[in-house]
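If you look up TrEMBL, you'll see HIS150 marked as active site, proton donor. Positions annotated as AMP binding site by TrEMBL: HIS150, ASN151, ALA152, VAL153, HIS154, ASP191, ASP300, GLN351. For HIS154, HIS190, ASP191, ASP300, the entry in TrEMBL reads Zn(2+) 1 binding site. Among the features that TrEMBL reports, Zn(2+) 2 binding site is placed at ASP191. The annotation domain 'PDEase' is assigned in TrEMBL to 74-397.
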Amino acid sequence: MYAYCVCVCVCVCDLCGLFKYICVFVITASAQRGEVESSNRKKVMRQLSFQRYCHASRLLRGFMPHTPGSLHLLDDDYLGQAAHMLSKVGTWNFDIFLFDRLTNGNSLVTLMCHLFNVNGLIHHFQLDIVKLHRFLGMVQDDYHSQNPYHNAVHAADVTQAMYCYLKEPRLAERLSPLDVFLGLVAAAAHDVDHPGVNQPFLIKTRHHLASLYQNTSVLESHHWRSTVGMLRESGLLSHLPADMSQDMEQQLGSLILATDISRQNEFLSTFREHLDNRDLDLQLASHRHFMLQIALKCADVCNPCRVWELSRQWSERVCEEFYRQGDLERKFDLEISPLCDQQANSVPAIQIGFISYIVEPLFEEWQRFTEPSLLSRTMMGHLHKNKARWSSLRYAQTTVDFPGLD
């Protein structure tokens, strides 16, 4: 439609905030030999935290490290309530928003420390507590709180869901400590340093991450590589044999890459085939790893399976993030991505489509796998009720927009 070449370059423009600006040069196709007339280019600067080469949090780690005593800034009443919630961390009605408030925004670190402790992972892998807390603090800090959806609270929510799935009887009886370690770390870090925009946006703006990962699983590859970098920087696994730590890094990559929504049909077809053939053998490490991938995929999209009060909040948050991307695309004169136009895509419509095409097919197979468990039945019950409620809200919006309809 437009005869333009869109190039993206990045420069550090705010030394105080240590943020980078995205500089989009829209160049007419008539430009030759890289010489661009100033009248033929439009420079758009947008402050985006994900464009930083050196995160402020990472630069400050040497001066302001996370300390185990940081949570003691909370009063005893808040700490007591948080501890009470942790005693019920394996229940499906766990309110991660309340838990995040009770821990003063440290829900991910607090949750992971607790889960590592109760599952005996600290003892089994002989983990250094200081290094563990440092790693978890790095992960939490590298999520961007300004994202309505892809932030550390989402990571904590996915981690709590993953823990519930790891406790499913058919899975729990076969999992090794390594499986549990990988499942929890992958859940906690699966969206680390998420920019708040999707892969197509990065590709069409020729972002350096899209080039680096050749337009394939761009965000997931970045989440994985960032996680590996933090594991190495923290030294959490430095005491383990090199081949073991490298294998753990690769398995984490395989788990995080499985959350790429564009691979949904690939995993769903394989999962359904295993269930149809009844050939899942959880004594095999490869089959356990596949089920960890499926469990993480379920945890990542489980919001519609929560109780309505929690599910609705997540739905509104993810749609707000979509709409922000749409506003950004409109400002840059880019084609607005699907689901990102607030005028054309309502929250109920987006959620009904998401449930119908992504969540329901996946959780129907998960229910088959669990044979079905109480948790699976509970989740499917919430899912059906939430879908019906979104349908009612969508109908109500339609009748308001078109009052002549019966």
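Cβ atoms are placed via backbone N, Cα and C, with glycine included.
In TrEMBL, annotation is done automatically, which means it is predicted and not curated.
Sequence features, as recorded in TrEMBL, placed on the structure.
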residue	record	DSSP (3 states)
HIS150	active site, proton donor	coil
HIS190	Zn(2+) 1 binding site	coil
ASP300	AMP binding site	helix
GLN351	AMP binding site	helix
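In sequence order, HIS150, ALA155, VAL158, ALA187, HIS194, THR259 are the residues of the same chain, not among HIS154, HIS190, ASP191, ASP300, whose CB sits within 8 A of the CB centroid for the Zn(2+) 1 site. Neighbour list (the residue listed as 'active site, proton donor', Cβ cut-off 8 Å, at least 6 residues apart, same chain): TYR143, HIS144, ASP191, HIS194, GLY196, GLU321. The average pLDDT computed over the domain 'PDEase' (74-397) stands at 98. Between the binding-site residues ASN151, GLN351, GLN351 has the most other Cβ atoms inside 10 Å of its own Cβ, all protein chains included. Cβ neighbour count for HIS154 (AMP binding site): 23 (other Cβ atoms within 10 Å of its Cβ, all protein chains included).
Ranking the binding-site residues ASP191, ASP300 by C-beta neighbours within 10 Å puts ASP191 at the top.
Between the farthest pair of Cα atoms in the AMP binding residues (HIS150, ASN151, ALA152, VAL153, HIS154, ASP191, ASP300, GLN351), the distance is 22 Å.
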